[in-house]
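J.: TrEMBL feature annotations, pasted as is:
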type	residues	note
TRANSMEM	83-103	transmembrane segment
DOMAIN	120-218	domain 'Ig-like'
DOMAIN	230-326	domain 'Fibronectin type-III'
DOMAIN	344-440	domain 'Fibronectin type-III'
DOMAIN	519-615	domain 'Fibronectin type-III'
DOMAIN	622-723	domain 'Fibronectin type-III'
DOMAIN	742-808	domain 'Ig-like'
DOMAIN	1119-1202	domain 'Ig-like'
Amino acid sequence: SRFHTEDKQMIGLNVEEHLKHWRHMNKDGLLYAPEFTIKLRSHTVWEKSNIQFACTIQAWPRPTVCWYVSSPCYMECNTHAGFLYLLLFLSTCYSPSFFWGRWCSSLYLLQSLVPMFVPPGVMVDIHLLNKFDVTFATEGQTLSLGCNVVLHPPTKLYQPEVLWFLNGMWRRKNKNASGFHEGQATLTLSHVNKEDEGLYTLRARAGRRWEEHSAYVFVRDAELMGKPGAPLDVEYCEVNKDYVIISWKQPSDNGGSTIIGYFIDKREVGTDHWLQCNDTPVKFARYPITGLVEGRSYEFRVRAVNSSGISHPSRVSAPIASIDPPANMKSDPEGNFPCPIPGAPTDLRILEATKNYIVLAWKPPEFRGNEGVMYYVEKCCAAGSTSWCRMNDELPLKSPRLALFDLEEGKSYAFRIRACNSNGVGMPSAVIEHASIPAPPGEILTSRNTGSSAIIWWEPTPTTSELVGYYIDAKLSGSDHWEPCHNKPVTSTSLMMAHTCLLFPPPLKLLLLYFFVAPPTSPHGIVILESVKDSMVLGWKAPRATGGLDVTGYYVDYQMMKNTHEGQNFSSASCTWQVTNLKENSDYRFRVRAANMAGVGPPSDISDCITCQEWTLAVPGPPHSLQTQEARIDSVVLLWHMPVYVGRSPVSGYYVDKCEADKANDYLQWQAVNEVTVKSRFLKVTGLVEGRSYVFRVRAENRAGVGKASEMTDAVLAETRPGTKELVVDVDEDGHVYMIFEGDQLPPDSKLIWSKNYEDPLDPSRVDVETKANKTKVVFKHLDENDLGVYSCLVSGTDGVSSSYNLDEDGKLAMIVPLLTKLQLEVLDEGQVRFWIQAEKLSPQSKGGFVLNDSEVIKTNCDPKTGIVEMIVTELKPEDEGTYTVQIQDGRAKNEASLVLIEDDFKNLLKESAFHRAEFLRKQGPHFVEYLSWEVTSDCNVILKSKVANTKKDTIIVWYKDEREVQGDIQHDEQSGVCTFHKDAGLYRMSLWDNRGKDSSTLEATENYLSLYYGKYCTNTINIELYSSSAMSATPLKLQSTEEGIKLYSFVTYYPEELKVSWTFRNAKLASKDKVRSGIMSNQLWLQINDPTEKDKGKYALELFDGKETHMRELDLTGDVFQEAYEEFQRLKCNIWGDPVPEVAWLRNEREISSDNHVVLSYDKGKHATFVINKIETEDSGKYSILVKNKYGSETGDFTVSVYIPLEEEQGLLYSSFTPHKAFPLKPQR
């Protein structure tokens, strides 16, 4: 109260001195306080009616008028001379409202209070129909918004109140064309500008009822063609009678190149002719415009310029009149006649200075006579020079301000002002010097002062000459928009910013405080985690407040009780630290201090006395670093670290206890959360009561028992905070499962951190993480069992703001359509190619689609009954080469599979498809079922025969010999389709055709050809029976693993060379090549598969043709049969012989190895040596050797084992390769 009393006394003295001065300068009493001639009176009106308050006052100078109301309404006020009136648009009011007017001049304050009562009106329902939707407009267009307003019950001659708002601000009727006609409310914008973009709201009110509708209007730039967009918000900064300073905002789009500057245009109100004010572009968004005619009104607009051209003009500014602010004429205080020549101007100063211009201002001279004065501005360029040049010699200035252009950057100037009137030019004013623009200040430091203020320090600028002061600007982290923190320059190098957040909109208040930092608060909860003879491990809880910065580390102080020895250790940012160099059986006390970039915080409470002695307990120590996340109304997630001291056996699990915070001191109130230990170091505690606070603790267990409980956590309130958002899991259009989290009002510099099972960071090979602003998204590349777990997203810099999702097997299956088969293909009889895949089950609403090289294929069939999704390609073409992908969607569940058809695979498929298509077309008409062949009868005659089908009576069959038609004894059995012909040797061709098509077959039956077979058959007819018996004697196929791979073989009693032998794989003939080789050795028919792989699984067959029929022997090389053979192939063995029987030794990297469970060595009967490695690992790689010797000599065989993990390591497969350096078997010399 003492300070308030002193302030009142000082204010009273200042007012009294001011009044004395004005009484002395205004003897004629021109100034007097406001006085009500006619006061306000009370009114009682009906609701929704308009009312006008009026009163009359007398005052000079003209007072400022303010109206106030105690309840919300919309009003327009005006004044004319001394008559004031207020027009009210009343809202729904049920209680009396009070209105009062306040009039103030530079010296006096007066107010009048009047009550007004509004009785309630009639109840009318109001509805909005045909509402306007989100609208997109282009700059320069005409835009109209509207709604139908319906009243119920209908009321004649009653018009509801219709108001329009833009971003919550009421738009006056004179600003845009708005109206209400025949039940429709409309708002028309004749020329849309970018400033018109925003949320438009129509509010219609009838009586006590009201209804509103809102929709957003987007305004696009007019066609730019590389030019910048139009500037925004042209405003006036200062107005005088001969110049105006305007400012604007840069365009939202620079057109793709840097904005060079701006052109400013002006025009007089009432004309359409625009004049450009500057010849060269202005780089700053602020410009003084001179050359105005006093008393006239002007409008202005701005255009932006870049390398591509000039933008469209901005919205035209509001009209402004070029007049000076009111100024009072002064006279000689002695009452003498005025001086004929004015005195020197005073208080010359620089108002504004940039690289391009400066603005000078001064005060008129004390003695200037009864007539007005004008001014000359003189400039001096050289420091200390007496050479002055007049800058406006032709036209004196009427205003005490001037903007000077075309100044050289970095050059110093001096200025002075002379006043003049009709009697002459007066003395010059004091000289003011203008130095170059000062250099920027140095490093800035900030710290928090209170919850809503901060202190800022900065290094001064090295430029001290004519330094006016400093301006401080602020911006939000991540934004490029700077806002000034004050309007007057600061002369010192520090400033306390009180209530700085009020400079920004309310939603940004909390964010702004993060600009200011402070040291962290004190840690708490010091515990001992492990103790040995000369050291102890401490643990503590992090500070509750970090001061706006991350904690960089902790200082640990300790004190020895006996000799008061003190020490200090600095730990990392972890909340644990091992204090070393302690004395055994000595007592110590500890305290901890946290530090960040702003400094070191206060110390924690001193711990109890702790004796340094080695722990020998069998049970584990306490867990530590307990944290809580995801607080909800009935649950919370608890995290902890495993004990530092684990006891005599490893930790096998954990128990979690909970208790209400106000009952934590009563050990009987603690309850166990889990009856069975949990293996993980996190647990979601459920069953909490909303609105209650809980604390938690954790105990570890090993074989010896349950250890000491951890320190309990800070109290956690069971509630879901406002704005809490959960993880959203869904499937995108490509069939990929994704999780998305969006934070709410995140602090600056906070990060969104993903984790799996609250520990492991996400594997980038399995997921893609996308983070933009406060939204983050995780997309699974190929979801499978390896991706199951709890996924959480934590917001750093907060007290546990996070969300999680448990992706279990049920959740995964709910997102993925399970498949029974891979994407497969088959070639149909007509040459069509069928791609198909089968799912376990599909609903009738399921959909399927195929994509070829990112191009969707429309012709797709989806059968929900069988779960088959198929696509049939009618004609395969060369441009169809690429990747085929099938996409299946069943509700939210999706899946996809791909098949790559390129190079040889696609070429073979293309040939097969073309062959089947040609065969299908051939069989549409008469065609050969069996092509021409020869047969030797029992009497050694040669018969040419074939089998045809799909013939008619008009089908023509013609034989050709040596390309000449022949006639002979042609026999055609129409039932069987067999055609026979007896003829001599030659080149025969048989053709058949009708109106449906044509087919032919050719057979070479020359003399040499017939003599080779015909003569041999006639002389050895008995051999036919021999071939048949040889083929039938073939034994079933067997297999044998060899050094090269897998060998299939069969034995026959006798093998004649004329017996035809062939091998097939999956009903396709095999040709001998590097991968697969076949041959005959004595009476053994064999097939060798080199380096077998999974692709070699299948059905193999041996075909023996004896001239009449084919005999087959088959073997299914799949399943266990293939696996056993493959494992035998991988086993290293060799055959050894010698006399006497040699000795065998195995070496690895030139060192002898012995047999154990991992490496098994065997030597069977002195002939077979085997080397087996069980569960091979990368450490088994190396050079291996086998050494055999007897008394006659020795021999060595080398081979290399290389174990590697290829790209398939995700499936847990381990591959190995063996490279022998010397051929096996080995034979020692005798």
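Yeah, the Cβs are placed from backbone N, Cα and C, and that goes for glycine too.
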J.: Summarise the domain 'Ig-like' (120-218) by DSSP state, stating how many residues are helix, strand and coil.
T.: 3 helix, 57 strand, 39 coil
J.: Do we see three or more Cβ pairs under 8 Å linking the domain 'Ig-like' (742-808) and the domain 'Ig-like' (1119-1202), pairs being at least 6 apart in sequence?
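T.: Taking Cβ pairs at least 6 residues apart, the domain 'Ig-like' (1119-1202) and the domain 'Ig-like' (742-808) are not in contact, as fewer than 3 fall under 8 Å.
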J.: Mind checking how the domain 'Fibronectin type-III' (519-615) divides into helix, strand and coil residues in DSSP?
T.: 0 helix, 49 strand, 48 coil
J.: List the helix, strand and coil residue totals of the domain 'Ig-like' (742-808) as derived from DSSP.
T.: 3 helix, 32 strand, 32 coil
J.: Can you give me the average pLDDT across the domain 'Fibronectin type-III' (344-440), rounded to a whole number?
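T.: The predicted confidence over the domain 'Fibronectin type-III' (344-440), as a mean pLDDT, is 80.
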J.: DSSP on the domain 'Fibronectin type-III' (344-440): how many residues come out helix, how many strand, how many coil?
T.: 0 helix, 45 strand, 52 coil
